[in-house]
Amino acid sequence: MNFKMLSGTLIASSLLLAACGQAEDATKDVGKKVEDTAKQAGDKAKETADKATSEPKAPNGEAEKALNKAKQYSDTMYMSKKGIYNQLTSQADQFKPEDAQWAVDNLKADYKKNALEKAKQYAETQNMSIDAVKQQLTSQFDAFTEEEAQYAVDNLK
């Protein structure tokens, strides 16, 4: 009888120890998940802070408006940097030169891409030759740089 009782006690003890071991593993898993979540939250906060500091702060409300207008001109009309500046300071938009300059300096635009899109428009809608497209892109009106215009005609399909 003592042997059966001893065996039962040993089995119960073994089961209890195994359960404790699993509980300890589960606790470690939960702890690891908490650490991972905290790290992700910290990474997200750093990313947000980096983004906030990487976007330039407008010196005034007019400069901010000029930047928004510049983005519209770049994204919808595919204008050059100089073309955007000229438009912002024109009789139509009437931004102060310093606000317009701040806007084009802080606009994140791909002017080679803009030149290519403008070249496609000229080639498709006005049936212009490659030479005429390049001349138009570098004209006083469109005001793309020679490099931007060359990229456009080289990549025009």
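Glycine is no exception: its Cβ is also placed from the backbone N, Cα and C atoms.
Annotations in TrEMBL come from automatic prediction, not curation.
Over in TrEMBL, the protein carries these features:
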- 1-23: signal peptide (SIGNAL)
- 25-68: region 'Disordered' (REGION)
- 25-54: compositional bias 'Basic and acidic residues' (COMPBIAS)
- 63-107: domain 'Putative host cell surface-exposed lipoprotein Ltp-like HTH region' (DOMAIN)
- 110-156: domain 'Putative host cell surface-exposed lipoprotein Ltp-like HTH region' (DOMAIN)
Helix, strand and coil totals (DSSP H, G, I; E, B; other) for the domain 'Putative host cell surface-exposed lipoprotein Ltp-like HTH region' (110-156): 32 helix, 0 strand, 15 coil
The domain 'Putative host cell surface-exposed lipoprotein Ltp-like HTH region' (63-107), counted residue by residue under DSSP: helix, strand, coil: 33 helix, 0 strand, 12 coil
Across the domain 'Putative host cell surface-exposed lipoprotein Ltp-like HTH region' (110-156), average pLDDT on the 0 to 100 scale: 97
